[in-house]
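For reference, Swiss-Prot has these:
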| type | residues | note |
| --- | --- | --- |
| ACT_SITE | CYS139 | active site, nucleophile |
| BINDING | THR11, ILE12, GLY109, ARG167, GLN300 | NAD(+) binding site |
| BINDING | SER138, CYS139, ASN140, HIS193, ALA194 | D-glyceraldehyde 3-phosphate binding site |
Amino acid sequence: MIKVAVNGYGTIGKRVASAILAQPDMTLVGVSKTSPNYEAYQAQKMGINLYVTKESLKEFEEAGIKVKGVLEDMIKEADVVVDATPNGVGAQYKQVYSSMGKRALFQGGEKANVADVSFSALCNYDEAVDKRYVRVVSCNTTGLLRTLCTLNRVSKIAKVRGTIVRRAADPKEVKKGPINSLVPDPASIPSHHAKDVNTVLKDLDIVTMAVVAPTTLMHVHLLDVTVSSPVTKEDVLSVLSSTPRILLASGKSKVSSTAEIVEVARDMGRPRNDLYELVVFEDSVSVRGNEVFLMYAVHQESIVVPENVDAIRAVSGFADGRKSIEMTNASMGIGKGYLV
């Protein structure tokens, strides 16, 4: 069993912790929190071992939250640490993980040089095997890479031009916006997403633009992909529908918005309304010669969760990427084919 610690129990950390609990080959040592908020109370109610920094011990005691120990105790017990701390904090913790001889995963908010390799399970699982430090790319980059590495199986990609409509905040983030504006993110081109894709697909010609929209549900990507040889729409739909972690939303289902996608997730009984899969609007898929056009939605809170699980196996020396993906998908109910 791989013993895993999760440093940070926010949007990503709590989902990764739940995913670890579902794995047949992993055990959750515990999670860490810096403040005794509702997430800490929920972790306690779920029976998850809670670890805190030495500085916050008294605050947790005063809040009546029982802790298992301090952060260093948790790290000491683990084989792998999943760092789910806020952007930039993970790089600071790397020294701690290194000094204690632990392998660690970092999230996409960290700079690429924090790790030995940036990771996307469908693209470069093999590159992460036995590495000490792996960075799981961000939600948007995960969506881009999952799509591009899938399309690349039909015809080698020559170039990509993409527009990303980013959600303004997660549903719980009450202090973020905008609430009545569209904001270029940034106005200069390319956006950072193209550069991040190149940390995995290093030679790909890709340019992205991004805008922040006043919504909390999902991101939406609009891609124009030029491939090296002509393909058909049927070729594209076939590879998309047969690839794990990608779902098609058909026009017949009347699912035509991110709101309806999230509603389907609710109706499916998904924990926290999560959709680990990329959701492609089937009617958007169009082919003109060597160009493939499509639109898809990315659930920013959960798309990276199965990627973290696979990365845990990779750094632990599990060499069979396809098998890892199958194990993760089976344990978490992750599908392929059609959303409805």
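Cβ coordinates come from backbone N, Cα and C, glycine included.
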> Using the Cβ centroid of THR11, ILE12, GLY109, ARG167, GLN300 as the reference point for the NAD(+) site, which residues of the same chain not in that list have Cβ within 8 Å?
Replying inline: SER138, CYS139, ASP170, GLU301, VAL304
> In the structure shown, with every protein chain counted, which of the binding-site residues THR11, GLN300 has the densest set of Cβ atoms within 10 angstroms of its Cβ?
Replying inline: GLN300
>> Just checking a number: largest C-alpha distance across THR11, ILE12, GLY109, ARG167, GLN300 for the NAD(+) site, rounded to a whole Å.
In response: 16
> Taking DSSP three-state, what's GLN300 (NAD(+) binding site) in: helix, strand or coil?
Replying inline: coil
>> With an 8 Å cut-off on Cβ distance to the SER138, CYS139, ASN140, HIS193, ALA194 Cβ center, who else from the chain surrounds the D-glyceraldehyde 3-phosphate site?
In response: GLY108, VAL137, THR141, THR142, GLY143, LEU144, ILE164, SER191, HIS192, ASP196, VAL197, THR208
>> DSSP secondary structure for HIS193 (D-glyceraldehyde 3-phosphate binding site), reduced to helix/strand/coil, please.
In response: helix
> On the Cα atoms of SER138, CYS139, ASN140, HIS193, ALA194, which are listed as binding D-glyceraldehyde 3-phosphate, what is the maximum pairwise distance in Å?
Replying inline: 13
>> I need the nearest neighbour of SER138 (D-glyceraldehyde 3-phosphate binding site) among the binding-site residues ILE12, ARG167, GLN300, using C-alpha distances.
In response: GLN300
>> Give me the count of other Cβ atoms within 10 A of the Cβ belonging to ILE12 (NAD(+) binding site).
In response: 25
